[in-house]
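For reference, Swiss-Prot has these:
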- 1-15: topological domain 'Cytoplasmic' (TOPO_DOM)
- 16-36: transmembrane segment (TRANSMEM)
- 37-56: topological domain 'Extracellular' (TOPO_DOM)
- 57-77: transmembrane segment (TRANSMEM)
- 78-83: topological domain 'Cytoplasmic' (TOPO_DOM)
- 84-104: transmembrane segment (TRANSMEM)
- 105-132: topological domain 'Extracellular' (TOPO_DOM)
- 133-153: transmembrane segment (TRANSMEM)
- 154-164: topological domain 'Cytoplasmic' (TOPO_DOM)
Amino acid sequence: MGDVEIPPLVKQIVRGLRGLAFLATILATSFMAASHERAIFPFDYKADYTDLMLFKAFLGANIAASLYSFFFVCLPPKSLLWRLAIVLDVIMFGLLVAMDSAAIAAAYLHKHGDSQAFWPPICSQVPTYCYRVILAISIGFGGVFMFLLIIIISISVILNPLLV
């Protein structure tokens, strides 16, 4: 089997989706890194994304995905690294889904708490922190969606000659 010929419009769409994935992941990283707030009443409390390892992992996954997306947006079209793109896209997609899902679970605990674990809700004391965390996770899911579209388009281009 020879190389699959990819139409120029599809290449432009995928490159645009990679650019959007870069923007979404870098914005999610920025909002998560900026999420910190201090509450004085009823007790002195400083909420920061570094308080939970899940949020650090979310930040790391989005940094990795944004660097990966930027690298592939800047990659020349004739490069042999494009052959690895679909495999790396699936890996990045899985990493982002896992970290975004874990981060949303932690954000849920921040919002509602867990009475059995004696984890009180903190979003009423530090609302700006919670808003930034939820915004970062929501934008991160936008990056997940971009990677999903890239994977669907790439697989359809690869399978199209086999199905016709």
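Backbone N, Cα and C define each Cβ position, glycine as well.
Sequence-distant contacts of the transmembrane segment (133-153) (same chain, six or more residues past either end, CB-CB distance under 8 Å): 10, 13-14, 17-18, 20-21, 24-25, 27-32, 35, 49, 55, 58, 62, 65, 86, 89-90, 92-93, 96-97, 99-100, 103-104, 107, 110.
Within the chain, the topological domain 'Extracellular' (37-56) has long-range Cβ neighbours (under 8 A, six or more residues past its boundaries) at 99, 102-103, 105-106, 110, 122, 125-130, 133.
In the predicted model, the topological domain 'Cytoplasmic' (78-83) shows an average pLDDT of 83.
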